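So the structure is just underneath, and the comments pick up after that.
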Amino acid sequence: ETELPRQHPNEIPHNEKLLSLKYESLDYDNSENQLFLEEERRINHTAFRTVEIKRWVICAMIGILTGLVACFIDIVVENLAGLKYRVVKGNIDKFTEKGGLSFSLLLWATLNASVVMVGSVIVAFIEPVAAGSGIPQIKCYLNGVKIPHVVRLKTLVIKVCGVILSVVGGLAVGKEGPMIHSGAVIAAGISQGRSTSLKRDFKIFEYFRRDTEKRDFVSAGAAAGVSAAFGAPVGGVLFSLEEGASFWNQFLTWRIFFASMISTFTLNSVLSVYHGNAWDLSSPGLINFGRFDNEKMGYTIQEIPIFIFMGVVGGILGALFNALNYWLTMFRIRHTRCEGLPLLGLCRGTAAVCSPMAAAHRGALWAAAPALTLHPLSTSGSYNPMTLGMFTLMYFFLACWTYGLTVSAGVFIPSLLIGAAWGRLFGISLSYLTKGSIWADPGKYALMGAAAQLGGIVRMTLSLTVIMMEATGNVTYGFPIMLVLMTAKIVGDYFVEGLYDMHIQLQSVPFLHWEAPVTSHSLTAREVMSTPVTCLRRIERVGTVVDILSDTSSNHNGFPVVESNPDATQVAGLRGLILRSQLIVLLKHKVFVERANLSLVQRRLKLKDFRDAYPRFPPIQSIHVSQDERECMIDLSEFMNPSPYTVPQEASLPRVFKLFRALGLRHLVVVDNRNEVVGMVTRKDLARYRLGKEGLEELSLAQT
């Protein structure tokens, strides 16, 4: 008889009303078991000071390494792009006299397509999570969602190589967005004092080997990435607060600002030496908007309505960009089965578009790297209005087409470039209508257009205002930029979500927003909780534990611990909570005793044993337990969390949501009035309820 293929009843075609079961939560709540409390009590004031100093040292290392990675990307892109342009220019000079210019354009398109193909292949087939800017993934990680491979060393290597090849290949992308993901990976690695990928343990920073500590350092890494990209340390802190971190405290602010400051200083120092101006420190970030003269480029009260109008345009264009990208990404998810080859064709087409455009419009806008085009667009220089209009239209669709492909690429620079182009076109038109009035400077409106377009796409307000101010070195435009960004966000939100939130939704991630849906008070914990709950007794048989962990039909990660009444079959009240990862470590170290010798003391473990296994705990299938060992007993009292958070089953959904979200929980036990376990609330139970167009809606749970 032939075995029928195994069916997956939970697998359904991808759609927008879907929540994936493949994502797990991170443990942002410390398990305060006996081992944890004993260690904390042994730490004196001096030891706590040492731990705090180590945190500052780690933040400094994060800043230095993030700055060095940004320097490496910038220098390699500059040299490779320069080599490509020299080859093409030499070919043009050679064939112009003979009338073979079309061959030169074909060479340019072929070089671009080949470079992009390599960048796409390494992302698609080696580390797919390195695709895109990485900002949605880091937002999810900081929200408490475990995205596979998102902060691994291999991801960083592929990210850096991929973004270099994407930019050199002439795609409508930027290298600034991926710096945020790169900084986060660096932070995650440095803070653990080891590399699990390289199998090297440096025996340092062992205290920080837990999700709570790593989360805070990843926030610092994301901020350092923004700081290196834009030369904006304050903007980096605000970006991490506004867009990234779901959990924040006052002590974290200073450490993150310190990491951001070190990052931009490292980048500035190295690039200044590289450019031959060791004492100049004139390269604070990877992009340069140019400097704006207050006397020549101020603004007047009558320009305020014009700025608001530009914000409206930016919001509408941003919403259009997001909607088009949403439909395109949904089409790719549903119809592109192979991750690499079909997308390579799209990359080749994207890389080839710029060639005839550069030839037709004599190309400064089309031939130069995107980040280099921002400076002349937003300051001096004269541009043909027809060229600006054509560039805006073509680059808009190229950037929309590119974002979501399997290439490492950011959307910051393309958005700024599109906005700067139509903003300058708007300024030229205004100058023509006002017969060359001094206040209608096209460079000023290019800056406002850049802010409006990026704000309309990503919906950042506070952090982007400060980033633009720091990047231009001008505080004068703070209020107009703020006005433009607020207007763009309000208008854009009326139509669709921001780009990052949209891609989080497209990946079916159980992301928890700041508040529960406003119409969810009618639901209670009893209606949203998962049942039945697999419980363990305080002293449990090893075979029972192994069978529960090996059960593939219920891949639970947290188990309530209860005490059985000696005179009854019913389960008594809740005694604690223990995690799957803790049980696996106990079984691996064989922390159990024979049933006949329960009076014997089982083997003692230290918290270090659990930290050494973190974060890649071995699967239960790799742990051998003999038949005799299955009959032994294991005492969970010392390792379980004796005070887990609980809620009564009558608690409303907003109350449960607030407790779960604010404390960064992974499991929330639901109990009745006798303290008996009746259910468990996890991230997916809360994330599946959201506010739709027709009121409160419930998403489907499925394997994707």
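The backbone N, Cα and C atoms fix where each Cβ goes, glycine too.
Automatic prediction, not curation, is the source of TrEMBL annotations.
Worth saying up front: this structure is predicted, and the values here are computed from it rather than measured.
As stated in TrEMBL, the feature transmembrane segment covers range 156-174 out of the listed 156-174, 384-402. In terms of DSSP helix, strand and coil, the domain 'CBS' (640-698) has 16 helix, 22 strand, 21 coil. Non-local neighbours of the transmembrane segment (217-240) in the same chain are 58-59, 62-63, 66-67, 69-70, 138, 141-142, 151, 175-177, 179-188, 190-191, 208, 248, 252-253, 255-257, 259-264, 266-268, 283-287, 412, 460, 462-464, 466-467, 469-471; each lies 6+ residues outside the stretch with a CB under 8 Å from one of its CB atoms.
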